[in-house]
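Per TrEMBL, these features apply:
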type	residues	note
DOMAIN	1-106	domain 'ATPase AAA-type core'
DOMAIN	129-162	domain 'AAA ATPase AAA+ lid'
DOMAIN	176-210	domain 'Spastin/Vps4 C-terminal'
Amino acid sequence: FSLSASVLTSKWVGEGEKNVRALFSLARKAAPAVIFLDEIDSVLRSRGGGDHDASRRLKTEFLVQLDGIKGAQKDNNVFMLAATNRPQDLDDALLRRLPKKIYIPLPSADTRRQLIQRLLASERVAMGDADFARLVRDTDGYSGSDLHNLCGEAALEPVRELGAERAMVASPDEARPIEMRDFVTAMRTIRASVAPATLREYEVWDREFGSGGAAVRR
């Protein structure tokens, strides 16, 4: 079960809690199962005086359900994974229930090379080893999402050269292969999205709360 945590919310009173119960119920029925919730901070931010009743009830229900699967963990029935880019905003009650908190840093040079090659696997590319080495070097600080967007933008450059009318009817082979110059152009608009200051915040949080996940970086 893979979904964004925000889909659990609802504008209707009581629906958020029902969504949470339904998710965990389905997972238990499909056990063994894994629940992956992206952007967990969207529903489980630190509780404060400004929280709405609906938000508090949803958080409480989620924590109750999480306690339920932890109690059955010896049978390996349901396993939950969550991701966030705002770990410092997570509710303390959630953090206490998550025994492993792993910081996944930005991709290393080797990982960036592998990601780029995988993203371009279905494309016609006219780039040598020196081009890839330069691209890997120039994308230091890019996230996986940044690289995905960059490769997509670079792949559009040969299509744009055909012109709008011709591109509508042209076969894929009519566009030239992707070259290094296309990435140079693409990097003017697709830049690293994670600021150095944000990375430092992650590293500080990892040192205080993490489980040594940064060790898996390279």
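The backbone N, Cα and C atoms fix where each Cβ goes, and this holds for glycine too.
Predicted automatically and left uncurated, TrEMBL annotations should be read as such.
If you look at the domain 'Spastin/Vps4 C-terminal' (176-210), the same-chain residues 6 or more away from its ends with a CB under 8 A from one of its CBs are 87-88, 95, 101-103, 105-106, 120, 123-127, 131, 134-135, 138-139, 141-143, 145-146, 149-150, 153-155, 157-158, 161. When the domain 'ATPase AAA-type core' (1-106) is classified with DSSP, helix, strand and coil residues number 53 helix, 16 strand, 37 coil. Applying DSSP to the domain 'AAA ATPase AAA+ lid' (129-162) sorts its residues as follows: 29 helix, 0 strand, 5 coil. Secondary structure counts, DSSP: the domain 'Spastin/Vps4 C-terminal' (176-210) has 21 helix, 1 strand, 13 coil.
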